[in-house]
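Q: When I checked Swiss-Prot for this same protein, it listed these features:
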type	residues	note
BINDING	15, 16, 17, 18, 19, 20	FAD binding site
BINDING	274-288	NAD(+) binding site
């Protein structure tokens, strides 16, 4: 191979964080010759902030990443040291799988998977510039002068884009503690005409677990039967740990109030907006000052690591104030601070600059994923990375992009929210953001998305076999339970209370009743005992939601019709009589591709949508007439 060939790729991914790893893996699985550009190999897969994966809404994203044969679920299963299923007592649609992770195990597992991936080369170095041929991306220039040629680039800069760390009055450029920021790329993005903004996130101090008084604290255990994230994981083998729970005190709050003027957040030093749902401890005291305390989870960062992450006291106060605060918190009175908490500001691009493929509208072949799009969280980043990497590979190959709809996946909900509404603060996923969350459950992510992964060529043979085995078992169990039926009278003999309407009900129908599970039906039909535990749970959940799913299908059909109604690229919004000048301007700026996208433009009314649909039909009629006229002239 010549040196020129060695520096030529189909796809280049910049950044080795959660978005970058998923992007690089997806592009390589799609058949693209891929380069992952990162400063150092040993920082690939580093968990910059909290040592945890999943949670409410976020756990759904991890399951969807896994269903598309991504990495995060498998890596989390290898590194997880405290698995807990959140909202266990609520319905399956809103349950959130979560695990604390051993930072070292997570990083090493991710690095191993990146190393083993075919078609993927890790290139150590800093990305200094993007190379374009006209309005199309053509390569990346590294800080050492090397130029890598490519057909598409995925930019996953995280908090490194003009990153600035704040600790009280101190501030210094960094991508995260101890690592340099990316300083040149923002200028290049501005030169392309992108709209950049500033966002902020923060992290708590790190503590020496050997100096914490664990005996005085309440402890929280892992689930007795850990539920893995990945279809590929048979069982969790990593030892499980406990976490400590403590609270801030009125004395803590007094110290924070007395030093607010020294906090970077409240002194005016930070212009970026922080995440609403992960507030700093200063924010908690200012906004919820009437509370006598705020909960703190003390999360060990590893099985052989004494570092503890105090989840709940993210701060940008000076280090001396952080030490004072620790002395007022039960169990932490003598805790040694290993690293101060800090806030970090960074550049992001208005995600309305993106198509739903995560390709930028202004530069062909340039894709963005992760915090550069205004999101917060490993899971949100990983999900975007997978979609961007897949579509970058398809762009390089000249194929049509993959678009996930709101009706198909939480990934589709997130991307649609970002590209249609933009962000005013860091975006995080919640189940409440999805209109169709009864069908977008964590437990059925494989059924929803694995066939798509197979169709677009990113599914391994091993996963295909495992998926088909599980689906075959579920299909057989469904068929068996639908073939068995019972009358209300006979059901009463087995203490099943049904309406005495004379209607026979199948075992599958009975599973939709809240007080009936498979264990109760085995007394009637002993053959059901042969259904394995995994299939049993899937069948019970499916049957439980079957009635609701039938009702929801009509709503899904309406949205899918709107998604299919395309807005022609040549449509003149200014020519639509009755549309306000404000809406005309917003539509020209946003350039929605479907009626569904147009409906989510701020200020769009039902009347405006009707006008737009009428104009599309009129435009389509003119196009058809023009085509017929051309055909007639050709025939003459």
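Placed from the backbone N, Cα and C atoms, the Cβ positions cover glycine too.
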Q: Quick one: which residues besides 15, 16, 17, 18, 19, 20 have a Cβ within 8 Å of the FAD site's Cβ centroid, in sequence order?
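A: Filtered neighbour residues, in order: 13, 21, 22, 23, 38, 44, 156, 158, 370, 381, 385.
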Q: Is residue 17 (FAD binding site) helix, strand or coil when read with DSSP?
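A: The residue in question, residue 17 (FAD binding site), is coil (DSSP, three-state).
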Q: Can you give me the Cα-Cα distance between residue 19 (FAD binding site) and residue 282 (NAD(+) binding site) in Å, rounded to a whole number?
A: 29
Q: Given the binding-site residues 18, 276, 284, and counting only Cβ atoms in the protein chains shown, which has the most within 10 Å of its Cβ?
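A: Neighbour-count leader: 18.
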Q: If you measure residue 274 (NAD(+) binding site) to residue 18 (FAD binding site) at Cα, how many Å is it?
A: 20
Q: For each of the binding-site residues (19, 278, 286), count the other CB atoms lying within 10 A of its CB, then report the residue with the highest count.
A: 19
Q: For 16, 17, 20, 280, 282, listed as binding-site residues, tell me which one has the smallest number of other Cβ atoms within 10 Å.
A: 282
Q: In which DSSP state, out of helix, strand and coil, do we find residue 280 (NAD(+) binding site)?
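A: Once the DSSP labels are grouped into three classes, residue 280 (NAD(+) binding site) ends up as coil.
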Q: In terms of DSSP three-state secondary structure, what is the assignment for residue 286 (NAD(+) binding site)?
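A: It is helical.
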Q: Measuring Cα to Cα, how far is residue 284 (NAD(+) binding site) from residue 18 (FAD binding site) in Å?
A: 28
Q: Per residue, counting other C-beta atoms within 10 angstroms of the C-beta, which of the binding-site residues 15, 274 reaches the highest number?
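A: The residue with the most neighbouring Cβ atoms within 10 Å is 15.
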Q: Work out how many Å separate residue 20 (FAD binding site) and residue 278 (NAD(+) binding site) at their Cα atoms, rounded off.
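A: Counting only the Cα atoms, the answer is 23 Å.
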Q: Write down the Cα-Cα distance for residue 17 (FAD binding site) and residue 276 (NAD(+) binding site), rounded and given in Å.
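A: Rounded to a whole number, the Cα-Cα distance is 23 Å.
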Q: Considering only the binding-site residues 15, 16, 17, which residue has the minimal Cα-Cα separation from residue 286 (NAD(+) binding site)?
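A: Of the binding-site residues 15, 16, 17, 17 has its Cα closest to that of residue 286 (NAD(+) binding site).
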Q: If you draw a 10 Å sphere on the Cβ of residue 288 (NAD(+) binding site), how many other Cβ atoms land inside?
A: 11
